């Protein structure tokens, strides 16, 4: 075997060399499509295919499944109402299991069959897919709220970025929850495009408002935050901002309360889960815990959210309730807007959809996201307004909407 | 000072829970020579069984179900898979356990979903206070249980026929076998014990200050690996010591992170592994492990 | 006697590998890139674990070092990110060299430890390197990572540009196709080298070390030196694999090199059959491709619940099948996939080829000399 290999390589080179090579491109076939709308990948005369790359068997499987159900319900309804551009919208769902390698391969497998990606769920996975999709000009939605995704013109960020959420959290503490100059605030966060981004926003706001930040970095494996909470109490923090997951929120709030530290805790978008209200930390959570989200909570009475909830309950009567429901609905609305705009502009190709997204300067979603989302500025958050909710055992899905809010430091935050 | 003491107690009480897991690694390794990559899933399995059965049969009976369930799974995996390996050696056994881990973890993740299952522990979020220091009641109980369990293990290994047989089998399997010790029985006992320890650790890992049963609990096994290695591969007392050291070092690193910031953010995450590498360099057999016979 | 069929089989395989890109879709091309990159890593690891008998769970750390060195070397310097702006080939060489160098620096630890002790010490490396990747922002870009420049060779770019259009037999060769051939050449080279190394003087010394360090020392083999050499070579392979993974992704972030990657490398070589270069290659194919193909085609399986309905959905099923496949190979196939195929083709009987040096028994047993001996005697009895 060994001795034969060099010979084989040489033989292969010869085969390769004698094969007809060419570097002149044949005449490009005219853009396909019928009527006056130009079409490309993922669009036939009767159907528009959008892709969903999500996590159905990894750590975020359950929340991801809620979103897939809601996407499907939304597009079914759109199709029942006549579809988009006289075509039905179909979804191609693939599971990347939160593995970037799978995400990239599956993206390759679907990229020629889809006109846009409804969702690429997860930080590392979307970070791997976004640059590829940018090269091929494919619209990518639903990658979460990391500022790092803002640099891609093909990315649709659903609401305010994590950094804007973090800055708003500090502003809200000062303006509404009675903190003042000189106070210190703990920030407990996952290192990465989520937690670190929230920390960056909080640090900016703290500098603006004269507060001190006490950062505590953790990993998802840490679900007992005793040591972190003790350290924050020792530093005398007057509030804590959390850029982590539900398990960390419950532990942190519980330990703080057991140590007699009655301080407000504000969680970023993904930190709250209604199931936490069944845990021993429920009482502590109800006392003084807030959530800042880019999407309206389930209990919002905005028409868009009500519509989203109704669709979801019909599609899956036993499904888990949470902010994923309005989020998925809102993202589908955004993609629908882009598809319709592209259709109107006569260019329903992937490039056309990205262009339509880039021209959307004032998108309203019936209260699912803050009104007036602006996607014309690449690198900027489409909005600086967030939703502030308080943990409540009377509101559906555990979050009672207090207000939409846009603080001064969130306005002055610069990306880059 | 009271802050320092708080962090020390935080660290030691968490460390004892790690010790329970680390001791499970050590017992399986000494009794059958297997690096049990599925240990974390067994921890999760034990806690999951408690969480789903406690509403109907009560917490203490549920703990019994969890402990027995985890032990049975361990024994079955050993009897059906490990003993039937085509190439019985520690390398293939470790990878086999990885396959088992994938099966267990995938199925448990599917069943748990994005819920956080409350464990229903009667101590809830209670706190024990003494001298200005507040400790979660669950952790105090964990410390008590760990002490009792480790005393029991010591008695088993030092005083009972079965335990002495297990030690003999670990020291020299074929010879022990020739002397009438049934390796299948010592192996099964080892796996069962490890399952019991894992389930107990699972109960304490998922009750306050942790919120409940969620898939990341399985990752806790990776925190226990440095504890196990540090103590010595074949030593249960070593696992206890290792757990305490890792718990303490981690809590202090986290507690004084603001003073340690030159080392980079999140240093608490790597410090167990650093301690492990350093100890292995100075004492390759670990703190309390038996010295390898061969030295070149 | 068995040489001719074997040559023919090799030639056919090679021709298939050369011709495949002309018919494959992007999914399969991308998959092929990942498979070839991990093959190189797995072959390097099997030299260390299977041939030299030193367990390593730190392979992903060395791959990460290779990947980041490659990207640093080939990127132009920016205000926030350092880069050397070197040619891609130099970057590749540097990636291998630096990874090997780090392996060399770590080798004193390796020569003090054996078996499972060493394996778990190297496990610490994965976490340590991850910590550095996250904190050395000016070089690594922190958690954001950094983008990877396309590989270029004398003006020819292995991307969709330069030349913008290139076709062979009417099939346009895009970036993925071009990378396929680059990866194919490097993989063949790496495997050919590994096979030679394995049957060389060094390889035989490694095998002696694996079987008994004491005996090896008695025969005059410099134990520490050869152990260090094994670590250096395997780290170099990991470095190359990392650089290729970077090219296959087009973007690098610390999340690409998790502990799972290290463990996966180990799964590849054990499933393939420890110590066999061909086995490592087959193992890499199995571990990298199977989960992806299962995911891609699991919708075709009957009786599947819809995603999110709480039933047994395709994604969960593919993961369960993957776990079952690992268990089945280990329980039913002696010598892993390589061993099984050897028996299948009856090549073991026609022994004499240098590939058939006795397979390693157990690299992972410090306190288990006893277990070793039993399995070893089984081995020789066969």
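Keep in mind that glycine also has a Cβ here, set from the backbone N, Cα and C atoms.
A TrEMBL annotation is a machine prediction, not a hand-curated record.
Beyond its flanks by at least six residues, the transmembrane segment (B:12-29) meets 35-36, 39, 42-43, 74, 135-136, 139-140, 142-143, 146, 149-150, 153, 190-191, 193-195, 197-198, 200-201, 204-205, 220-221, 223-225, 227-228, 231-236, 238-240, 242-248, 250-251 of its own chain at Cβ-Cβ distances under 8 Å. Feature annotation from TrEMBL assigns transmembrane segment to B:12-29 (among others).
Only residues 6 or more beyond the boundaries of the transmembrane segment (B:34-51), in the same chain, are considered here, and those with a CB under 8 A from a CB of the stretch are 21, 24-25, 28, 59, 62-63, 65-67, 69-70, 73-74, 77-78, 82, 90, 93-95, 97-98, 100-101, 104-105, 108, 111-112, 117-120, 194-195, 198-203, 205-206, 212-213, 215, 217-222, 224. What TrEMBL lists as transmembrane segment is B:34-51 (among others).
Residues annotated as transmembrane segment in TrEMBL: B:57-81 (among others).
Sequence-distant contacts of the transmembrane segment (B:133-157), counting only residues of its own chain at least 6 positions beyond either end whose CB sits under 8 Å from a CB of the stretch, comprise 2, 5-6, 9-10, 12-14, 16-17, 19-20, 23, 121, 123, 125-127, 163-164, 166-167, 193, 197, 200, 204, 207-209, 236-237, 240. Under the heading transmembrane segment, TrEMBL lists B:133-157 (among others).
Distant neighbours of the transmembrane segment (B:188-207): 17-18, 20-21, 23-25, 27-28, 30-32, 36, 39, 42-51, 63, 66-67, 69-75, 77-79, 119, 121, 123, 138-139, 141-142, 145, 149, 153, 162, 166, 213-214, 217, 220; these residues of the same chain sit at least 6 beyond its ends, with a Cβ under 8 Å from one of its Cβ atoms. The transmembrane segment annotation in TrEMBL covers B:188-207 (among others).
Annotation comment: TrEMBL describes B:213-231 (among others) as transmembrane segment. For the transmembrane segment (B:213-231), the residues of the chain that approach it from at least six positions outside its boundaries are 15, 18-19, 21-23, 25-26, 39-41, 43-44, 47-48, 50-51, 105, 108-109, 112, 115-119, 201-202, 205-206, 237-243, 245-247, 272-273, 275-276, 279-280, 286-289, judged by C-beta separation under 8 angstroms.
Feature annotation from TrEMBL assigns transmembrane segment to B:238-256 (among others).
With a threshold of 8 Å between CB atoms, the same-chain residues lying at least 6 positions outside the transmembrane segment (B:262-282) that come near it are 223, 226-227, 229-230, 245-246, 249-250, 253-254. The transmembrane segment feature in TrEMBL is assigned to B:262-282 (among others).
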Positions on the same chain near the transmembrane segment (B:57-81), where near means CB under 8 A and six or more residues out: 28, 32, 34, 38, 42-43, 45-51, 96-97, 100, 104, 119-122, 184, 187-188, 191-196, 198-200, 202-203
